[in-house]
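*Asks:* For reference, TrEMBL lists these features for the protein:
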type	residues	note
TRANSMEM	35-55	transmembrane segment
DOMAIN	47-306	domain 'G-protein coupled receptors family 1 profile'
TRANSMEM	67-88	transmembrane segment
TRANSMEM	108-136	transmembrane segment
TRANSMEM	157-178	transmembrane segment
TRANSMEM	212-234	transmembrane segment
Amino acid sequence: METESVVSSTTTITTSLQSEEEICGFYEGYSTQRFIIISGCTTVAFFGVLANLLLMAVFRRSLPSSIFLAALATCDTLICLTYLLLFGVDAGIVYLKNTTLFFLYHRYIVPVFFVAKVVQFAIPFILILITFERYLWTCTEPKRKTLAAIFNERGRIFTVVFVCLTSVGLRFPVLYAIKVESFPDCKDYFRSESMAQTDWAMESELYRVFDFHVITAIQMIFPFVILLFLNLTIIQRLVAEKRENLYPVLRGSSGPSSEAKKVSFVQGNLPENYVLLQVAADVIKESLIRRYVLIYCLCSCLCIHR
């Protein structure tokens, strides 16, 4: 009898818990450690928004030549802002118990989540555009002319717009995969609404494969391989160019100056400010090398004279 009563009470408790879960939304909960971590990350994201807004204002002055950098700063601003709205506000709701904030959070969470997915997808490809432009600076003149249409003023705008539209198009299914589910019979107001997958997203095997495997390959693996290849090639060519420029100086030969090489090297596609900075840096570098060579020769002569 006692065993039967224990089993009966356990079944009753389980049934009541299941019914409570059915009439109330899912609640993940916050430990103190998790709240501290998210609060710290939210603070970093807030300053990230301010810093990237400042960068956007700086790059705005040199548009459209700096549109890649401006687009990257915009995406970084949005990713920091969406973190604030998705995680920082959620943590604030739990500890502040603010009903207005809870209501607003569930009104904007779906579109903000969609924006976060779009921005996450776009950032690697904007980095590829920036890196590929640097890669072209190390290429020969015929190759730069072949791709000049992509990296002139109109080309930069077109490529950024294309990346943004492609990101929106590929991540658009997210809008139909999540929803805010209401639980009007729940007595706890802070569990009366929660995020949930739509029936279509749960039933579609094709969407699950696309959202995880395909998007992961396009968004993470492909950009990683391309960026790794481009950056290794850039480093290899810069090291080779440095050795080529350094060798005649140490030998004392009177070949073409490095600044003249640099001007002819970057003619056409490179922003004017970058040209001036690179020429100035090479002039300073070459003058320092010659000075050190001269000092070394003088010291050697003095030692021999003694």
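Cβ coordinates come from backbone N, Cα and C, glycine included.
TrEMBL: automatically predicted annotations, no manual curation.
Since this is a predicted model, take the numbers as computed values, not measurements.
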*Asks:* In terms of Cβ proximity under 8 Å, which residues at least six beyond the ends of the transmembrane segment (212-234) contact it?
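*Replies:* Contacts of the transmembrane segment (212-234) (Cβ under 8 Å, skipping residues fewer than 6 from its ends): 120-121, 124-125, 127-128, 131-132, 134-135, 138, 170-171.
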*Asks:* Report the mean pLDDT of the predicted model across the domain 'G-protein coupled receptors family 1 profile' (47-306), rounded to a whole number.
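*Replies:* A mean pLDDT of 77 is what the predicted model shows over the domain 'G-protein coupled receptors family 1 profile' (47-306).
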*Asks:* Taking residues 6+ outside the transmembrane segment (157-178), which of them lie with a CB under 8 Å of any CB in it?
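*Replies:* Result: 64, 67-68, 71, 110-111, 113-114, 117-119, 121-122, 125-126, 129, 150, 195-198, 200-201, 207, 210-211, 215, 218.
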